[in-house]
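What TrEMBL records for this protein:
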- A:56-125: domain 'CP12' (DOMAIN)
- A:Cys71-A:Cys80: disulfide bond (DISULFID)
- A:94-125: region 'Disordered' (REGION)
- A:96-125: compositional bias 'Basic and acidic residues' (COMPBIAS)
- A:Cys111-A:Cys120: disulfide bond (DISULFID)
Amino acid sequence: MATLSSLSLVTTRAVANVPDTTVKVPYLNQPWKRVSQLGCRRMQAFRAVRAAPDGISEKVEKSIKEAQEACSDDPASGECVAAWDEVEELSAAASHARDKNKDSDPLENYCKDNPETDECRTYDN
Amino acid sequence: MAVSTVYTTQSLNSTCSISTPAKTHLGFHQKQVVFYRRTSKKGSSSGSGSGSGSGSCVITCSAGDSQTVVIGLAADSGCGKSTFMRRLTSVFGGAAEPPKGGNPDSNTLISDMTTVICLDDYHSLDRTGRKEKGVTALDPRANDFDLMYEQVKAIKNGVAVDKPIYNHVTGLLDPPELIKPPKILVIEGLHPMFDERVRDLLDFSIYLDISNEVKFAWKIQRDMAERGHSLESIKASIEARKPDFDAYIDPQKKYADAVIEVLPTQLIPDDNEGKVLRVRLIMKEGVKNFSPVYLFDEGSTISWIPCGRKLTCSYPGIKFHYAPDSYFGNEVSILEMDGQFDRLDELIYVESHLSNISTKFYGEVTQQMLKHADFPGSNNGTGLFQTIVGLKIRDLYEQITSSKTAAPLEATKA
């Protein structure tokens with residue numbers, strides 16, 4: 001339980017600094033909803049850390065289904081092959097996105113572009 | 001310091017477009033192409049036009065040597081190209097990053113000395129186009145080799161180009177981005193050596209040949225975290241792409257100057273986890289500015305197990321093999337490593353016994369491997385050979401640039 005709560009803390013900080021992440025935590029603004037939605041929201045936040053950003057992950061899932069459908073008629077056709085190629089391409093994109101998100105620290109990213117702001121100043125002596 | 005002289009004729013109303021050099025202290029020697037147009041009486045005042053109306057000329061100013069060294073890297077997707085790129089750019093110093101302020105989905109990486117271009121940007125068909133025609137990205141019909149050749153040639157001659165962007169997320173072709181000629185251009189993708197004209201532009205080419213079992217294991221590792229994927233879907237995806245891969249991508253390995261072949265280990269009988277790997281570095285003989293790495297005695301056949309009295313290794317240990325051989329009709333030298341490194345002193349011990357690795361100081365290979373200890377393959381032959389190839393490329397670059405003479409300034413009239 002402790003680890004789950006620390007994970008959700010991390011994701012909320014990410015939301016505060018980097019507004020374009022797709023992790024949604026509305027229960028913070030609406031605490032009366034917190035009790036009922038706490039379970040599934042935390043599960044969603046947890047899953048987002050492991051898989052790629054939602055957009056790409058959904059695309060991968062969709063493309064796999066489409067490829068399986070396309071290949072059910074004729075496994076050797078061009079459509080089947082192209083569909084699986086698309087799955088491969090999207091999986092590669094998802095894996096790259098996962099790596100990028102894993103490494104990125106919101107504060108470091110902000111300071112790379114704005115080193116003169118108060119949060120980012122370093123003092124050597 | 002970058003010095004660029006512009007020769008002007010009198011009565012020149014210049015609407016010059018000079019791209020500003022990005023990094024200053026390393027001295028970007030670029031050839032700048034300057035377009036100007038002499039304004040006529042009823043001329044419009046729009047921006048620089050190339051070849052609009054009469055009397056528009058092209059002045060090419062070139063400061064010092066501007067020949068870019070071009071390296072080609074071919075591999076299937078999910079085979080370690082990105083890791084190789086990061087190691088390579090790290091050998092030259094600095095980390096490669098996507099261009100700032102541009103398309104966030106750009107595939108290009110830029111560092112001080114190198115620019116890495118992904119050849120997927122030269123797809124002629126986007127994802128929907130390929131789906132309609134029923135072709136994969138591996139098929140040459142989905143790629144514009146003419147544009148690839150022209151742009152790589154232009155960059156090699158020091159001219160900046162507007163390269164299209166293929167967005168892997170949306171599957172569409174995005175508006176182009178400007179690529180300025182770097183000192184070292186790396187083109188990585190599925191088809192760097194497919195087209196003969198592009199092949200002739202490459203100063204050095206590398207092919208990453210991953211065997212089917214290892215590829216399957218790597219793709220499982222990569223994709224199992226994605227919901228929707230299962231073992232069957234991964235297998236189906238690999239098998240569906242195999243015919244096109246064997247027909248179009250695999251034949252490129254006979255043109256490569258260096259092939260890194262990754263196979264399952266022979267040290268563990270019936271191993272199917274794919275954790276321990278056998279990696280072979282196949283180096284072509286007789287390539288200009290490239291001398292192959294060897295073990296103990298060049299041209300002889302050596303089998304070497306470094307673990308023994310001086311060095312203790314844990315299971316399954318390390319085994320090296322070096323021999324001359326013939327590969328697709330070419331004379332090659334093959335250096336092979338089976339097993340993995342567990343400790344720092346194993347790595348430094350092995351490095352001290354390899355010859356011709358083009359290091360600038362003792363322990364450079366070890367230092368580079370340690371710098372990126374979190375990269376995949378840092379404890380086995382893939383990381384070792386990628387690092388060594390990176391040092392070889394640095395050596396090749398230094399040999400090429402030291403034998404260059406300055407290109408003359410020229411002015412041509414249209």
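Note that Cβ sites are derived from N, Cα and C of the backbone, with glycine treated the same way.
Mean model confidence for the domain 'CP12' (A:56-125) is a pLDDT of 84. Checking the disulfide-bonded residues A:Cys71, A:Cys80, A:Cys111, A:Cys120 against chain B with a Cβ-Cβ cut-off under 8 Å leaves A:Cys71, A:Cys80, in sequence order. A:Cys71 (disulfide bond) sits 49 Å from A:Cys111 (disulfide bond), taking the CA atoms of both as reference points. DSSP gives A:Cys80 (disulfide bond) a helix state. Just so you know, the Cβ of A:Cys111 (disulfide bond) picks up 16 other Cβ atoms within 10 Å once every protein chain is counted. The disulfide-bonded residues under consideration are A:Cys71, A:Cys80, A:Cys120. Their Cβ neighbour counts within 10 Å are lowest for A:Cys120. In this structure the C-alpha atoms belonging to A:Cys80 (disulfide bond) and A:Cys111 (disulfide bond) are separated by 46 Å.
For the domain 'CP12' (A:56-125), residue counts in helix, strand and coil come to 55 helix, 0 strand, 15 coil, using DSSP.
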